[in-house]
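Structure first, commentary second.
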Amino acid sequence: MEQIWLLLLLTIRVLPGSAQFNGYNCDANLHSRFPAERDISVYCGVQAITMKINFCTVLFSGYSETDLALNGRHGDSHCRGFINNNTFPAVVIFIINLSTLEGCGNNLVVSTIPGVSAYGNATSVQVGNISGYIDTPDPPTIISYLPGLLYKFSCSYPLEYLVNNTQLASSSAAISVRENNGTFVSTLNLLLYNDSTYNQQLIIPSIGLPLKTKVFAAVQATNLDGRWNVLMDYCYTTPSGNPNDDIRYDLFLSCDKDPQTTVIENGRSQRGRFSFEVFRFVKHKNQKMSTVFLHCVTKLCRADDCPFLMPICSHRERRDAGRRTTWSPQSSSGSAVLSAGPIITRSDETPTNNSQLGSPSMPPFQLNAITSALISGMVILGVTSFSLLLCSLALLHRKGPTSLVLNGIRNPVFD
C-alpha cells in the first residue's frame, strides 16, 4: 500500500512539473528534479555581485521567483530577483551592488592576510569577505511537502576597494634613511594620471577604461632633500589588491620590460615616472570588466650613487661599468611596496570582419555571394573563350599550306 502511495505521489509531482515549464526555457527531461549545487552561478564583479539560479528546478520544486529572496528578506521587494527567460535554462538573477552591499542583510567580514613580497618586505592586506544566502520562506504550517531551497554565495575583495569603489586608492610608505648626522623619514606615494603632463589624476568611468588606454604612473617622495632620488626597482600588476597575489604580470624588472611600457624617469630625481597600456586579466574572461592593481617596489638612493644602482642593459654601459667606483650599501635605503588601483578595464566586442586596409576615409570593399558568383563566372567565361581562340588559330595554321596548291581538270581549249 505504501508503494502505491509513493508511486502516486511521484506521478502527481512529475505531471504538474511539466505543466509548470510552459512559457519558460526549460526541458522536462533535464529539469524535472530538485535543485543542486550546480544550479547557482556566482560572479564577483567589479561593481556588483551577480547570482544566477536555475529557475526550472525552482519551478519543479513548487516555487515561483517571488518566493526567493536574499537572506530571508522575503517582505522586501528590493531583495528579490528577476527572471531572464532569454537563456537556457531560464534563470533568476540577483544583483548586489558593492556600494549598498549590506542593504539586504549580507554579511561582511574583514580579515588581514600577512605575507612577504618577493623582496622580503613584510606586507599585510585587509580583505573583505561578503557572504549570504538565497532561500524560500518557511510555510505557516507545522509540516510541508515542499522542499526548502537554500543557495549560499561568497565573494572576497580588497577592503580599500569596498570602502570606496568609485575612486582609485593609493597606498603610501614611509622609508627611514640613516645619515651621518641622524635619521630622517620620507613618504612615498604611487599615483596615476590621465596624460603625460601629470597634472590631472586618473579618473576611471563607471563603464571602465577601453583596452590599450595609456595610463601614466608616478612615484612621488616628500620630506626629501636634493641629495636623494627615487629609484623604482620593480613594477608589476595583479588582479587583486594583494601584492603577493600568485597571478601577476610584470611591467618592468631590471632590463626586462613589457613592450607597451615606457619608463620615462627613474633614479634621476625625486619622482619616478612611467606609462603603460591597460589590459585585462584572462581570469576575468566571464566578466565584462577586469580589475588591475599596480604595485611598485621602490627605494631611495643618493643622487650621485643612483646611476650605479641602475641596471646595465646596453653594451656601452657594460663597457663603461668597469670605470665606475664602488658604492657602499649606505648609499640607498630599504625597499617599500607601493600599490594603486583598481584600474577597471572593459572588454569591448569587436566584429571579426571590421578590419580593413588603406585610407580610413575610403569605405571598405566587401564581396557578397552574388558578386563572388558573377566574378567567378566572368573568369571562367574568359578562360573558355581564350581556349577556343587558341584552338581556332591552331586549326587555321594547319590548313594554311595545303590551300596554296590548286587541283582541277585540264581544259582542252587552252591547248
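Using N, Cα and C of the backbone, Cβ positions are placed for all residues, glycine too.
Checking the candidates N129, N164 against Swiss-Prot, the annotation N-linked glycosylation site falls on N164. For the residues N97, N121, Swiss-Prot attaches the annotation N-linked glycosylation site to N121, which does not rule out the feature elsewhere. Swiss-Prot records a disulfide bond between C44 and C155, which is the match among C79, C104, C155. The cysteine that Swiss-Prot pairs with C79 in a disulfide, picked from C56, C104, is C104.
For C235, the partner cysteine in a disulfide bond according to Swiss-Prot, taken from C255, C296, is C296.
Candidates considered were C306, C313, C391; Swiss-Prot assigns the disulfide partner of C255 as C313.
Minimal Cβ crowding within 10 Å, among the disulfide-bonded residues C155, C296, is found at C155.
Rounded to a whole number, the C-alpha distance linking C79 (disulfide bond) with C296 (disulfide bond) is 41 angstrom. Taken residue by residue with DSSP, C296 (disulfide bond) is part of a strand.
Counting only same-chain residues six or more apart in sequence, the Cβ atoms lying under 8 angstroms from the Cβ of C235 (disulfide bond) belong to A217, D250, L251, F252, L253, F274, L294, H295, C296, V297. The 10 Å shell around the Cβ of C255 (disulfide bond) contains 10 further Cβ atoms across the protein chains shown. Annotation note: C79 (disulfide bond) sits in a helical segment as assigned by DSSP. In this structure, C255 (disulfide bond) belongs to neither helix nor strand by DSSP; it is coil.
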